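Positions annotated as transmembrane segment by Swiss-Prot, on the basis of sequence analysis: 8-28, 35-55, 75-95, 105-125, 127-147, 159-179, 203-223, 297-317, 326-346, 374-394, 407-426, 449-469 (among others).
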């Protein structure tokens, strides 16, 4: 098989991140220098992000039977690269005080980003599985990076065992679908799995097992048990990656699968996904209400956010608006999560033991760091879906899709979930403006806004407010992110 120049250009983000992995490995082997390796990582991710412009100029193309590069894959690749860039930036000050090898952290983030990019372009069940594994395996190490802390090690082992079980379900489900259809590419699955075939027992069993595997990766109810513990145990920069790139890349691949294979049109699959979405929205929001740890709270909140996105996924075959909804919602979720976890990272760095993740640590933050508490307030308002923030447009789109698709009970769940969510987001905001306790020690540097992590947090908050007030540029961008059908 000969690879043309157009195919090479289409693969450029993947190739650039792969090359960065090799360069960082060689730098570690030659001489350990934390600053040099962090800089190499950030430069590599930025070049990969810039290369998306040239990928767009080259136009949509099938690189191999496994990968399809089009507007949709470019959009998700961009989001994964932004999340990886933010994770590396937040990790730098945290790693400054880390007593063991620091440089491998960036290596693991880059390999996970490679998996995310592969998932974004996946057009075949094989590339879907390889992408998921390439994304998950480095996360085992990243979650347990603070291994001297019992909670981090416990989170890593828990995530590893449950992830291995979920991957085996996913693989077995793919095997059953292949046994029934004789093909593994998304487009061929769409042709071979016609409506009368979808009720075959073997096929339903395969689909069920795939839903279990993918539900775990997206932390949907009832496969969400790992989420709060892993978010709490993982270092704050790793929780950032888990909440953003880890979810966005998998959701992008699932979107493509549902677009090409008409599984979502099957009534039985719609009902199962509807029940999962309903349970995720209510469970995530109700459980978050009683949390006093901000990382656990954001973990439960992410379960609810993926439940909202599932409403659009159910309607993706029949409603053009659903694709746009997912795009707008994910951008809002990305920037809000980067900002919220970024504040936790800034409060926690450098590595000295547990993160500053209890709500008590944020009590009276406004009187010490007014701009940082304003950023946190904006992020909470956006996650709650309050007008004039980007999160509001995401929720509005989800409700519009739910009404258009006549998913009344799910639309009701979104409204109820948002009302419950407002309560616990307000709890975080109120604690920021209470009287500060005397004995509370804060690690945040006075010049936090001039650090790289501070700049990322400020850019995220500006993006949330700008697109919340003037969403047209974002909507135009999302409309370009069309799949090649």
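Every residue gets a Cβ built from N, Cα and C, even glycine.
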Take the transmembrane segment (407-426) and find every residue of the same chain, 6 or more past its ends, with a Cβ under 8 Å from one of its Cβ atoms.
274, 277-278, 281-282, 284-286, 288-289, 291, 297, 301, 304, 307-308, 311, 314-315, 380-381, 383-386, 395, 398-399
To the transmembrane segment (326-346), which of 8-28, 75-95, 105-125, 203-223, 297-317 is linked by the most Cβ pairs under 8 Å?
75-95
Using a Cβ cut-off of under 8 Å, list the residues of the same chain at least 6 residues beyond the transmembrane segment (203-223) that approach it.
132, 136, 162-163, 165-177, 179-181, 193, 197, 246-247, 250-251, 254, 263, 268-269, 272-273, 276-277, 279-280, 283-284, 299, 302-303, 306-307, 310
